[in-house]
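Remarks on the structure that follows.
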Amino acid sequence: MDNNRDNSKFCSCDTKFQTLPLMNFSHSFPSSDIFSTTGKLEFRDRFDHFLARMGIDRMNHVVKPGLYKLGDPDKTSDIIVSANYKLSFDAVRDSVQHIDCYILVLDTKGINVWCAAGKGTFGTDELVKRIRLAELTKRVEHRRLIVPQLGAPGISAHEVFNRSGFKVEYGPIKASDLPEYLNERKTTPEMRKVKFPLKDRLILIPIELTHLLLPTIVLTLILYFFAGPLASLAVITTVLAGTVLFPTLLPFIPTSDFTTKGFILGIIVAIPFSILYLTDPNTSPGASILGSIIPLLIIPSVTAYITLNFTGATPLTSKSGVKKEIYRYIPILAFMGGAGIILLLLLGTLSFLEVI
């Protein structure tokens, strides 16, 4: 039930709460008080989503942890558990805007459900703590909580029951399926299926481009003056391959590891540059050979590193799988990238000395 996943490299425990319009605060509430919210998303909510997608003021897109009421819930109303990342919370309240219910928001440090479950902030201890602080035993007659399926890695259902008396029900993956789930009280196989469609993949592009924009501009300008326009174009192409082409073509690139997918994409992108350097009639044979090798070393390693970051933005990967990729491929990528940089410096030095 977390339609708004982002790259896990942005997960951090350093955050502060901002008072959002959806919170009706008139004084300092004790932890057991209920906050009110609405299901309708307004322009300011959409704009806040845009800022989050662009990586602007990333750790301020949060809501205050606690118990929220949507509509006019009573003692029989359902309790839906969410993270305090605003996009996650908004996805839930928007999906159930016509249903009277409670939303129990955990303190995940402004991180979405899936990432927070992996980090432990969307976890058993925090859930039990919020049950106690919200005094749920006094709020409802039933003893059940609806937890997003993507939060399951962080929640021990039997431990929650033993410590609080509340039974954990794992709901659908997508928040948009909540109304049907609440009506039928069961999940269909389609609701349980992990998907990463083109729309979800394209949403990740802006934030990746935003964080790579400055270093890309700086490196492009440096190489333009010292190595020429072709080198600058190679930098831009490499970044676009890793941030735009990769998420777009993800299902069609062979292999299961994101790193090797990025490496394959990098090789394809590097080949034209290698051929251009090798066949340049204005370059000596020695410089042409060196120039053709450099793109084959640097571009695939950089592209693969960029694509490795996407492992934190998709439900298709696991924490253990990501660790395995890091330990397996980072040394190789570092060696290739380092070798390419050394050859680039060597080529520049030899060309400056007019040796080749």
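Heads up, the Cβ atoms here are built off N, Cα and C, so glycines get one too.
Curation does not apply to TrEMBL; its annotations are automatic.
Copied over from TrEMBL:
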DOMAIN    62-175  domain 'CO dehydrogenase/acetyl-CoA synthase delta subunit TIM barrel'
TRANSMEM  202-224  transmembrane segment
TRANSMEM  230-250  transmembrane segment
TRANSMEM  262-279  transmembrane segment
TRANSMEM  285-308  transmembrane segment
TRANSMEM  329-353  transmembrane segment
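Helix, strand and coil residue tallies for the domain 'CO dehydrogenase/acetyl-CoA synthase delta subunit TIM barrel' (62-175), in that order: 46 helix, 26 strand, 42 coil [DSSP].
Mean pLDDT for the domain 'CO dehydrogenase/acetyl-CoA synthase delta subunit TIM barrel' (62-175) in the predicted structure: 94. Sequence-distant residue pairs (6 or more apart) of the transmembrane segment (262-279) and the transmembrane segment (202-224) include fewer than 3 whose Cβ atoms are under 8 Å, leaving the two stretches without contact.
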